[in-house]
Amino acid sequence: IERYEKVYTTNAIKTSKYNVFTFLPLNLFEQFQRIANAYFLILLLLQLIPAISSLSWFTTVVPLVLVLSVTAAKDATDDIVSINMLQSERWMNVQVGDIIKLENNQFVTGFLLLMFSRLLSSPHPLLSFSSPPSFLYSSTPPLRETNLKVKQALTVTGDMGDNIQKLAAFNGEVRCEPPNNRLDRFTGTLNNAGQKYSLDNNRILLRGCTLRNTDWCFGLVLFGGPETKLMKNCGKTTFKRTSVDRLMNVLVLCIFGFLAVMCTILAIGNRIWEQRWGSDFTAFLPREDGVNASFSAFLTFWSYIIILNTVVPISLYVSMEVIRLGNSFYIDWDRNMYHAHSDTPAEARTTTLNEELGQIKYIFSDKTGTLTQNIMTFNKCSINGKSYGDVIDYNGQRLEINENTETVDWSFNPLADQRFSFHDHSLVEAVKLESPEVHTFFRLLSLCHTVMAEEKREGELLYQAQSPDEGALVTAARNFGFVFRSRTPESVTVVEMGKQRCYDLLAILDFNNVRKRMSVIVRSPEGKLCLYCKGADTIIYERLHQSCSKLMDITTEHLNEYAGEGLRTLALACKDLDEKYFKEWQQRHHVASTALEDREQKLDLLYEEIEKDLMLLGATAIEDKLQDGVPQTIEQLSQADIKIWVLTGDKQETAENIGYSCNMLREEMNDIFIVSANNTDDVRQELRNALNAIKPGAEVFTPVTSLGSKVKVIKDEEVDGEFGLVINGHSLAYALDGSMELLFLRVACLCKTVICCRVTPLQKAQVVELVKKYKQAVTLAIGDGANDVSMIKAAHIGVGISGQEGMQAVLSSDYSFAQFRYLERLLLVHGRWSYLRMCKFLSYFFYKNFTFTFVHLWYAFFCGFSAQTVYDEWFITLYNLVYTALPVLGMSLFDQDVNDMWSFQHPKLYVPGQLNQYFSKTAFFKCALHSVYSSVVLFFIPYAAMYDTVRSDGKDIADYQSFALLTQTCLVFTVCIQLGLDMSYWTAVNQLFVWGSLTMYFAVTFAMYSNGMYLAAPASFPFIGTARNSLNQPNVWLTILLTSILCVLPVVAYRFLLIQLRPTINNKAAPLPPKRRAKIRRSSTRRSGYAFSHAQGYGDLVTSTRFLRRPAIVPSSGFTLLGRTTGFSPMGRSAGYSPTGHAQNNRPRDVEATSLQMYSTAQTLGL
């Protein structure tokens, strides 16, 4: 194969951000891109100028170096962890066009075209391989996909076996698409000896895959290094910021502006003072040459910029990161969010969004695998107009199925799966009586699929399917006597009622999200050509022969009945094919399958041509069980005023039934609006009708925004009653148009529940973006599959469910766990605590630093605006790093206003976070006013107490150093007392931090002011003896006591009056006892969604070339009878199927129902 080296990149990749040489410069460059760090670097440079600095350089260097070091250590650790362990030095030598050999359990080193392989030897003599194999198994650890995937080489290359001479003599040309990030598709062709062969994703090995159960394989490198699909998917993830971060950016800019105003006022004061009184001091403070009053004011401005910089302390951002990290560990360590069955703990995959969890207003949820278990069980079926699956007594009455109901005896079928459970004996009798329609029905289920069968021992079958639906259907056919035994790319072997039959597999018309159906074309052993098709009932009905109209009506009634029980449905049909027509169609199919451009469109046209005039066989009904605790969780979140929107790809009827099962839709709702129009005008009219029904006479407005203007925020409106909205994908496409999106959003926000069905992954993301754009609210998206990734990334917070659909959603999420019910604890407990702690931290942090800084402002009026500091330089350096750091961290990591059980019992406690009541611009302004008052007390009370004061022995105590010591001691006591008032939950750690910080303050103060320190460095420790001479005076301690009381007394009084006059939700009395709602059994005429895979199938793979059966080493069987969750009332029960092959839980864990409490009124919090 000819290689064009100059066109392609090398195979060398870089998965780390830094190396030994670039870490320091790159990391410092990134850190100084933060405004705060750059600000303090500028301050440091200003402090190096003696003319304007009254502080020593170490007052800024020590905290700056500490902050930079901690952040650098964190970044280095994250980078080391993120290094891709697949990297190897030898990989960089691989080039495009090379043919490389890989062995079992080795990583794939590039983007390879599989040429040929050999599987490991079979332990079973009946399953050994007798011809050159061309299959292999692989897994994809970088995507956390551990289930085995089958890859198939072309026949033209697979026939070479291990003949290296043939491989070296092979001459071919590969033409393919350019490098891209689409992991699920590949288009290309291989030209050899005048023949053109189609290449697709089933011939390709992704970089990073691992060979399993494969002795060796040879592959052609198509792309290398950064051009491989894996590296193309390693793009930068959008950095998410919390609303607190965005508010902080605004507040910091305001603080900078306020700092500039303060410094300007003080500079003007210095100029006035120099002009009027400065000349009186020139005798002992001579001015330097060229320095006049104006220039002195200029220097004073920059001096006060340095002194007053503590209004934005550098330790603020580091403390926030530490708090977020600690709260993230709480999520990781929470045993109540650990799923024992799957051994999956909750995981905080980011440390920057914890407080955002306490402000969620909208939740966007997937359905399948998120609300449901994604474990499918064959429940009922309709065959030739007769429904099977119900248990009927002698009086013709339907019986409720329970654990004591007799199940079908499968002893007549030695290959049956004994874990499969079914209760309707009449269907087995119809099979035994050889009913042609029943046999054709199950024959279709055993042939029309892409399931792989593995058989380690004779008669012990294990199915590996790409979707749980297919596994459940094939298992059902197996138990009813039509056992799918094995397959090759050209044939399917089925054991029909004990007789083995081999069908020639001529074509697979595979499933995709547009077709919503799958077909196979087979030739029976008798030579009869037949097409079998299964898919969504609406899709199949459009392609039926007109003679099926009567049967279609009966089947539709059955489908409506199944829909009322929340079952997923498929319609089945077939047709006989003419030999001549099929050969001509097959030639056109080959041409389309080898096209490089528009291959999928050309194949779809051919599929559409042959899939018509079908004969209806019947329908299947599969149950997708709800996860444990889903209705209770949704009810709790609704009580917390969180709106839940379900965005699902299933059809309307299925989504609607799940809505009722989850208590999202209720019979007692005022109205449920269905929007299902197929054009713009009708969709707009249906939305307007809904708006008028909810709010009669409401005006339809369309905010007009000019270029560059801010988007108008739509505020929440009061609604009289409860409403629901269900809209399908076709209508949603029109509703999301720019001219209608505001109308749709307004109607949706007025509804308590919104369900969007038949939506695409792009539409999911568009709905999330729409709410983010026009609603001032925090959004959360939760899903379990690859089709939820766009929605998860679009929301403020993304949550991934680690379920049956792989780990792509988890890898794209910010938080992950195994069950939807854990979302309740994540938000109502961890989210609320994190938000409350962060708000308390910010309020207290600004208070203590504003108070600290404003004392300098008042002192400036008594020192001639000379930029002299009130405090000792060492106190300024250690105030935020030592004296007040640990107490506020202790409060921010351990504080709880209520425990977790109280949070569950009173979900209304979550509402203040949605309204930003704990920390906002108003709260910040109140905090600033409190700091102004405290700083006035802290300066003027000690000043008055020290003015013209003498010691008990008659010696003078009114000196600058004694005043500085008294002021800073009063400050430390005041902020500690204020912290005690703010803290709701005292622990041993909090006690240690508070009392330890006070002890540390006095220990460091006496040490710094000792004779020894002064003798060691006289210039750095000038306060010799001040502590022991001042703190032994009773009037000093009386002043400290008086100052502390006066600082906190208004706070205590304000909070007392607030509780009496405006009690908050936290101050409310005990709520009313919970009310139990009577269970209402609901009948419905809606049809549920089709039970089918939502991903591209293996059709092209299994028809490509010869397949040699090989039993893979797999986990335990996945067919296990499951208990039934509440909300469904189906009449039949069958085995659960899991595509991962893991055994399912036989007995679901008991879920303790939380007590739902109702409040008569809900008033907002005041600060």
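For all residues, glycine too, the Cβ spot is worked out from N, Cα and C.
Per TrEMBL, the features are:
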type	residues	note
ACT_SITE	ASP366	active site, 4-aspartylphosphate intermediate
BINDING	ASP366, THR368, ASP784, ASP788	Mg(2+) binding site
BINDING	ASP366, LYS367, THR368, GLU470, PHE511, LYS534, ARG568, THR648, GLY649, ASP650, ARG758, LYS764, ASN787, ASP788	ATP binding site
DOMAIN	6-61	domain 'P-type ATPase N-terminal'
DOMAIN	810-1063	domain 'P-type ATPase C-terminal'
TRANSMEM	38-68	transmembrane segment
TRANSMEM	250-273	transmembrane segment
TRANSMEM	293-318	transmembrane segment
TRANSMEM	841-862	transmembrane segment
TRANSMEM	874-894	transmembrane segment
TRANSMEM	923-943	transmembrane segment
TRANSMEM	963-981	transmembrane segment
TRANSMEM	993-1016	transmembrane segment
TRANSMEM	1036-1058	transmembrane segment
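Distribution of TrEMBL features across the structure.
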| residue | record | Cβ neighbours (10 Å) |
| --- | --- | --- |
| ASP366 | active site, 4-aspartylphosphate intermediate | 28 |
| THR368 | Mg(2+) binding site | 30 |
| PHE511 | ATP binding site | 26 |
| ARG568 | ATP binding site | 27 |
| GLY649 | ATP binding site | 25 |
| ARG758 | ATP binding site | 22 |
| ASP784 | Mg(2+) binding site | 31 |
| ASN787 | ATP binding site | 24 |
| ASP788 | Mg(2+) binding site | 33 |
Whether the transmembrane segment (923-943) meets the transmembrane segment (874-894): three or more C-beta pairs under 8 angstroms: no
Annotated stretches the transmembrane segment (874-894) and the transmembrane segment (250-273) touching (3 or more Cβ pairs under 8 Å): no
Candidate recorded positions ASP366, PHE511, ARG568, GLY649, ARG758, pick with smallest Cα gap to ASP788 (Mg(2+) binding site): ASP366
Neighbours of THR368 (Mg(2+) binding site) among the binding-site residues PHE511, ARG568, ARG758, ASN787 (Cα to Cα, within 10 Å): none
When counting Cβ pairs under 8 Å to the transmembrane segment (963-981), the leader among 250-273, 293-318, 993-1016, 1036-1058: 1036-1058
Stretch contact, the transmembrane segment (250-273) with the transmembrane segment (841-862), Cβ-Cβ under 8 Å, 3+ pairs: yes
Binding-site residues clustered about the residue listed as 'active site, 4-aspartylphosphate intermediate' [Cα within 10 Å; pool: PHE511, ARG568, GLY649, ARG758, ASP784, ASN787]: GLY649, ASP784, ASN787
Averaged pLDDT score, the domain 'P-type ATPase N-terminal' (6-61): 65
ASP784 (Mg(2+) binding site) versus ARG758 (ATP binding site) - Cα distance in angstrom: 17
Alpha-carbon spacing, ASP784 (Mg(2+) binding site) to ARG568 (ATP binding site), which is rounded to whole Å: 19
